[in-house]
Amino acid sequence: MTQLEYALSGIVTKEMRIVAEYEGVDEEFILEGVKKGEIVIPSNINHKNLIPKGIGRGLSTKVNANIGTSDAYPEIEKEIEKLNVAVKAGADAVMDLSTGGDINQSRRKILENSPVPVGTVPMYQAAVESISKYGSIVAMPEEFIFEVIEEQAKDGVDFITVHCGLTFESLKKLKDNGRVMDIVSRGGSFTIAWMLHNDKENPLYKHFDRLLDIAKKYDITLSLGDGLRPGCLEDATDSAQIQELIILGELVKRARKAGVQVMVEGPGHVPIDQIEANVKLQKQLCHNAPFYVLGPIVTDIAPGYDHITSAIGGAIAAASGADFLCYVTPAEHLGLPDKEDVKEGVIAAKIAAHAADIAKGVKGAKEKDLTMARARKALNWDEQIKLSIDPDKAFKYRINKNISTAKTCSMCGKFCAMKIVSEYLGTSAMTC
C-alpha cells in the first residue's frame, strides 16, 4: 500500500509519525493532510536509509537541491560530494539529473548515500540511452520510457518528474500565441521533439494509467512537471503555461483516485507581481496539491546571482502557498554547479523558505528568530553562530573580522548600540 492508501484507511504509518515529530504537529494532522492529497511523503519502499520528509499544507517549506553528472563532468564522486554538501547545508531532498557517464551507477550511489528523498527526471536517462540504442531521441519506442521508470523505481527513487501535461492541445496554445524562448525544459523539449517527429501523443499522458501502476507498486510520488514553464519574464503566465496546468489538475485527480501521491511543479521565471497569482491559480486548478516551484526567478539580468533572484521569488511564492522550493545556484544559466555553488544555492533557498514560514505562521518558525534576537541582545556570540542558518560562515566572519581577545566588534567598537542603550535602560550587556 502507498502512504495515500494507508491514510485513506485511517492508518498512521511510521513515515507519518516521523514527519509529525519533525514538524511538531499531531500525527492526525499529517494523516488528514496525506488523506486529502494536500501533503505528500515521498518514500519509495526500496529506499532503505531514508529519513522521510513531508511536503505540503501546514508544514515547513522544503528545499530541493539538484545534482547529477553531465557529459562534460561525468565523475560520480563529485556528485556524492555535492550530495553531502547539500544535506549538510539543509536540503530536504535532492534530485539526480545525471545525463553523463554511468547514469544508473550515479543514481544508485546517490540513493545509497542519501538520507533525504531522491528524485529524478526519467526522461533524461531515456533520451541519453535512446541516442546510443536507437540513434536518436525521437526514435525511442514508447515502451522504453516506462522501462526506464520501472528500473529507477526498483532502485528506490522517491519521486519522479514526469511531463504528462505536454499534449497536442497544450502545444497548440504555444504555437498560436508564440513565445520569446519557446520551451526551456529539457525533459519537455525531449518529449515535444518525440511527439512532433512521430506525430503521436505524449506517451506519459496517453498511458498515464500505466505510469500510475508503476508509481503505486513502489509508492513513488509523481511530480507532474511543467514542460511549458516560462524561461523568461516575457513568457510568464501565458496561455500555454495555463493550459498545461489545467491538464495537470485533471491528472492530479486521477492519481489520487488510484492511490498515488502527487505534487505539481511550477514556473521558473515570473515577475514579482505575478507570483502570488500563479500560486493561487495552481492551488485552485490542481486541487490543493503540494506546489513545487523552481525559484521562481524574478529578473533575467543577473547571471551569477540567480541564487538571489530565485530566493526573492521563492520567498514570495512560499509565503503565497507554495510548499517546495527547488534551489537555484549561482551557476544557473552558466554551467554545471560545483559543490560551493550547491551550498550557496541551498542556503539561499533555505533563507527564502524560512522567511516564508514566518509569514505563513508555520509552527516554530518565528520562535527561531526570537531566540536569535535574544542572543544578539545578550551579545552572546557563540549562541548567535549556533543559531545561524550557516554557522560556518558566521564563525569565519566573527573570527576574521575581529581581534580574538576583543569583546567589541569591528563595526561598532566603543559605539556599540547595545552597550549605550543598556546603560540608560538599566539592562546589562557586554559590548558588541
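Every residue gets a Cβ built from N, Cα and C, even glycine.
Since this is a predicted model, take the numbers as computed values, not measurements.
If you look up Swiss-Prot, you'll see ASN66, MET95, TYR124, HIS163, SER185, ARG186, GLY187, ASP226, GLY227, LEU228, ARG229, GLU265, TYR292 marked as substrate binding site, on the strength of sequence analysis. Around ARG229 (substrate binding site), the same-chain residues six or more apart in sequence whose CB sits under 8 Å from its CB are VAL184, SER185, GLY188, GLN241, GLU265, GLY266, PRO267, GLY268, HIS269, LEU294, listed in sequence order.
Counting only residues at least six positions away in the same chain, the Cβ atoms of PRO303, ASP306 sit under 8 Å from the Cβ of HIS333 (Zn(2+) binding site). Positions annotated as Zn(2+) binding site by Swiss-Prot, on the basis of sequence analysis: HIS269, HIS333.
As annotated by Swiss-Prot, [4Fe-4S] cluster binding site applies to CYS409, CYS412, CYS416. With a 10 A radius on its CB, CYS416 ([4Fe-4S] cluster binding site) counts 19 other CB atoms from all the protein chains.
Residue with the densest Cβ environment among the binding-site residues TYR124, TYR292: TYR292, by other Cβ atoms within 10 Å.
Here the CA atom of TYR124 (substrate binding site) lies 51 Å from the CA atom of CYS409 ([4Fe-4S] cluster binding site).
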